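Student: As listed in Swiss-Prot for this protein:
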DOMAIN    3-145  domain 'Clp R'
REGION    6-71  region 'Repeat 1'
REGION    82-145  region 'Repeat 2'
REGION    158-339  region 'NBD1'
BINDING   Gly205, Glu206, Pro207, Gly208, Val209, Gly210, Lys211, Thr212  ATP 1 binding site
REGION    340-551  region 'Linker'
COILED    390-524  coiled coil
REGION    561-770  region 'NBD2'
BINDING   Gly611, Pro612, Thr613, Gly614, Val615, Gly616, Lys617, Thr618  ATP 2 binding site
REGION    771-865  region 'C-terminal'
Amino acid sequence: MRFDKLTTKFQQALADAQSLAARNDHPYIEPVHVLAALLGDPDSGAASLLARAGVAVNRVQPAIDSALKGLPQVQGEDNVQVGRELQSVLVRTDKEAARRGDTYIASELFLLALADDKGDAGRILREAGLQKKALEAAIDAVRGGENVSGAEGESNREALSKYTLDLTERARQGKLDPVIGRDDEIRRTIQILQRRTKNNPVLIGEPGVGKTAIVEGLAQRIVNDEVPETLRGKRVLSLDLAALLAGAKFRGEFEERLKAVLKELAQDDGQNIVFIDELHTMVGAGKAEGAMDAGNMLKPALARGELHCIGATTLDEYRKYIEKDAALERRFQKVLVGEPDVESTIAILRGLQERYELHHGVEITDPAIVAAAELSHRYITDRFLPDKAIDLIDEAGARIRMEIDSKPEVMDRLDRRIIQLKIEREAVKKETDDASMRRLAVIEEELEKLQREYNDYEEIWKAEKAAVQGTQAIKEEIDRVRAEMAELQRKGQFDKLAELQYGKLPELEARLKAADSAEREAGESDSGKPRLLRTQVGAEEIAEVVSRATGIPVAKMMQGERDKLLRMEDFLHKRVVGQDEAVRLVSDAIRRSRAGLADPSRPYGSFLFLGPTGVGKTELTRALADFLFDSEEHMIRIDMSEFMEKHSVARLIGAPPGYVGYEEGGYLTEAVRRKPYSVILLDEVEKAHPDVFNVLLQVLDDGRLTDGQGRTVDFRNTVIVMTSNLGSQHIQSMAGKPYEVIKEVVWDELKHTFRPEFLNRIDEVVVFHGLEAQHIESIARIQLKRLGERLEKQEMRLDVSDAALAEIARSGFDPVFGARPLKRAIQQQIENPVAKLILEGVFGPRDVVPVDWQDGKFVFTRTLQ
């Protein structure tokens, strides 16, 4: 026996047999041990070979187990030896290998030798239906006329079943999603596949446009015989490159596996079409020093037409990997897959609707489908249809399913309250005074009431949940019946098809209708309480998912938000004093956008705020961010004085390729990509270099900007505010004149500084008035209120008299510098003295800090609160 000439698989089987004998205290390794080891290894292929030869494999394993129990056992024997019976079988195996001309002895010849064996192993196989001729035929079929010439000869067998996934089989089983539309691309793919040479289409398109779906659509058409005669009966196999590479430890193993795949494909005489998803991964796959990569190994087969291949890759990766290898590129024919429009996406979603309803066990309404297509197109700009729309449907369905599976919020709230009261009851029980006794009676009464309410809700919830689960089970049964009907139609078994179509299916549909109505009835209790479980995905659920993902308020406005928008001016006036026109113009722009009337291809609003320093230009922008997002954090503030040089424009949008900082992205573009719904403040805009305005033209007109890395950043959900001091001398000199007259003069000044195409794209040029004495007093109140809030954190209260307020306003008023001197006046005249008094211990927690103006100075007299 040539033990050095056993294949790796056979050597492994003998080693496993030795371990099995040692574990069971058997002194000798018998053929039955080796048979058990071969059948126990899922990678050996012995079980599939015996099944192909007509052996009932499920009967073999129990018989082996009982045979092993019948073998003699010797306790404490470590040296396990090869039994005489096994030696005899191995010799016959060696002879059979020599007769067949094999260099290495494969494990299937051991099974062939067992066919003549008189021992347990041979008897077990014969009783399970083994016939020598059938096994020989099965071995010849598996080998495909090849001899075993290497130690890995067995590993590379049936390479297609190991390293590919049969898409046509999955289509036959109904496991692929239906493919709606894409007829032109599928037709073009079929057309290329029918060519004599270079019959290899490559599907090129952006991620998520449906390249893989086109191949799945082709597999479904082949299964349904909706293809030309030349493609009928062919299989579409998806190549699993990861499986090809996994475990290829030694040099040449990967190449051997790929050669085995190519050889099987060549033997099948064009009956298989290989689909390579992410085709660019083939370039460089398995590459080692001096070795060929997968791409180069495929070239000869592709050129000769032996390999029918469909590739799929994105535009960027095609350009980066495939186009660089001209020899590989010319062997493929390009099929460009574009992004479908919103109407096509809606059709695709309607086709997938049933699958997602079945998976999540919820109902997806048509408004939800339309909303998913439209909202994803409008608000999710960095991804592509239909993928991003499908994601919205999927996530909304998952959210509703999660609500169904978990306890409803109203019950959860009651449950927590009941637990809280029970804890309180146990604490009160320990007390003996009258007040505690009365409290205990109140707790008992409330507990009883809450428990009754909870039990009512629980009953409704269980009824609703049972109804939902019943509906789901019927839907799954209908889906299974439809898949069975499709299979029967393909096989032409019309008698059984008619049985299902006119018997079982109508019965199931009637049951579903009854279950649906029962579910609706379960939703309304006797007391008229609303449904506890939502089972429908509507447009609002889709809008909620979009809002959560992007931070953009897409969901339908609640009444509270409507009222808030209508009173927006009041909110802004709390922080900005004396600028009525500016506040009104900004409020109108926000209301237009939230009511859905604004141009969807431009930012919500673009404003140029003009006016002297310290009149509230920046403060209004802060107030706007606070109003929209309840936080000033959503304001992206860019000081344009930092962009005075020509080269600093690159900082806004990111450095071009080849420059330092290319990977970091742009200051403005990255901020908007992270917060697509925000207020952008470009402060002191006239100080920026003129080239900066060229960048802003695209933002103001189309609501988009391309950064240094070629990505399009969406500005359509932003409010852009630019501030400038231009024309401030005219505004101050014309104080008291009508707003329109002042604006006209300032507009003439603007024309000398900014280009017409820039000014023309701004929605509103807002002129801020210089502040007057009465405005300063209101601003002083606002600033002192903020100081009061800071003191309240230290448990102190600020009390400013009218005389003190008037003096602060008087000393802080400067018509040239606006409200900023007021801040300095408060700091010097109030904050500094109060800080000293707090440190000296004059004022402490629970004190009132009074501020008064007496005898030409500020007085702080301590009183208890």
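Just so it is clear, glycine is given a Cβ too, placed from its N, Cα and C backbone atoms.
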Student: Three states by DSSP: which one describes Glu206 (ATP 1 binding site)?
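Tutor: Where Glu206 (ATP 1 binding site) sits, the three-state DSSP reduction gives coil.
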Student: Using C-alpha atoms only, work out the spacing between Thr613 (ATP 2 binding site) and Gly205 (ATP 1 binding site) and round it to an integer in Å.
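Tutor: Gly205 (ATP 1 binding site) has its Cα 52 Å from the Cα of Thr613 (ATP 2 binding site).
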Student: Would you count the other C-beta atoms found within 10 angstroms of the C-beta of Lys211 (ATP 1 binding site) for me?
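Tutor: Its Cβ has 24 other Cβ atoms within 10 Å.
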Student: Going by Cα-Cα distance, pick out whichever of the binding-site residues Gly210, Lys211, Thr212 is nearest to Gly616 (ATP 2 binding site).
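Tutor: Checking each of Gly210, Lys211, Thr212 against Gly616 (ATP 2 binding site), the shortest Cα distance is to Gly210.
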Student: Cβ within 8 Å of the ATP 1 site centroid (Gly205, Glu206, Pro207, Gly208, Val209, Gly210, Lys211, Thr212 excluded): which residues?
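Tutor: For the ATP 1 site the neighbour list reads Thr314, Val337, Glu339, Phe384, Asp387.
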Student: Three-state secondary structure of Thr613 (ATP 2 binding site) from DSSP?
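Tutor: Where Thr613 (ATP 2 binding site) sits, the three-state DSSP reduction gives coil.
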Student: By CA distance, which of the binding-site residues (Gly611, Pro612, Gly614, Val615, Thr618) lies nearest to Thr212 (ATP 1 binding site)?
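Tutor: That would be Thr618, the closest of Gly611, Pro612, Gly614, Val615, Thr618 to Thr212 (ATP 1 binding site).
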Student: Taking all residues of the region 'NBD1' (158-339) together, what is their mean pLDDT?
Tutor: 81
Student: How many whole Å apart are the CA atoms of Gly614 (ATP 2 binding site) and Val209 (ATP 1 binding site)?
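Tutor: About 52 Å separates the two Cα atoms.
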Student: Report the DSSP secondary-structure composition of the region 'Repeat 1' (6-71) as helix, strand and coil residue counts.
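Tutor: So the counts come to 46 helix, 3 strand, 17 coil.
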Student: Expressed to the nearest Å, what is the distance separating Val209 (ATP 1 binding site) and Thr618 (ATP 2 binding site) at their Cα atoms?
Tutor: 43
Student: Determine the minimum-neighbour residue: among Gly210, Gly614, Gly616, listed as binding-site residues, which Cβ has the fewest other Cβ atoms within 10 angstroms?
Tutor: Gly614
Student: Where Thr618 (ATP 2 binding site) and Glu206 (ATP 1 binding site) are concerned, what is their Cα separation in Å, rounded?
Tutor: 41
Student: Pro207 (ATP 1 binding site): which of the binding-site residues Gly611, Pro612, Val615, Lys617 is the nearest Cα neighbour?
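Tutor: Minimum Cα distance from Pro207 (ATP 1 binding site) across Gly611, Pro612, Val615, Lys617 lands on Lys617.
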Student: I'd like to know which of the binding-site residues Val209, Val615 has the most other Cβ atoms within 10 Å of its Cβ.
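Tutor: That would be Val615, with the highest Cβ count within 10 Å.
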Student: Look up Thr618 (ATP 2 binding site) in the DSSP assignment and reduce it to helix, strand or coil.
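Tutor: In three-state terms, Thr618 (ATP 2 binding site) counts as helix.
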Student: So of all those binding-site residues, Gly611, Pro612, Val615, Lys617, which one's Cα sits nearest to Glu206 (ATP 1 binding site)?
Tutor: Lys617
Student: Around the C-beta of Gly611 (ATP 2 binding site), how many further C-beta atoms are within 10 angstroms, looking at every protein chain?
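Tutor: For Gly611 (ATP 2 binding site), the 10 Å Cβ neighbour count is 27.
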